[in-house]
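S.K.: One structure follows; several queries about it will come next.
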Amino acid sequence: QSDDYGHMRF
């Protein structure tokens with residue numbers, strides 16, 4: 001999966 005820098009990543 002790609003890192004979506006639009007959602008809060010944990």
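Here the Cβ of each residue, glycine as well, is placed from N, Cα and C on the backbone.
Feature table excerpt (Swiss-Prot):
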- GLN1: pyrrolidone carboxylic acid (MOD_RES)
- TYR5: sulfotyrosine (MOD_RES)
- PHE10: phenylalanine amide (MOD_RES)
S.K.: Just jot down the residues in the same chain as the residue listed as 'sulfotyrosine', at least 6 apart in sequence, with C-beta under 8 A of its C-beta; none if empty.
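M.R.: Counting only residues 6 or more apart in sequence, the residue listed as 'sulfotyrosine' has no Cβ neighbour under 8 Å.
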S.K.: Can you tell me the three-state DSSP label for the residue listed as 'sulfotyrosine'?
M.R.: coil
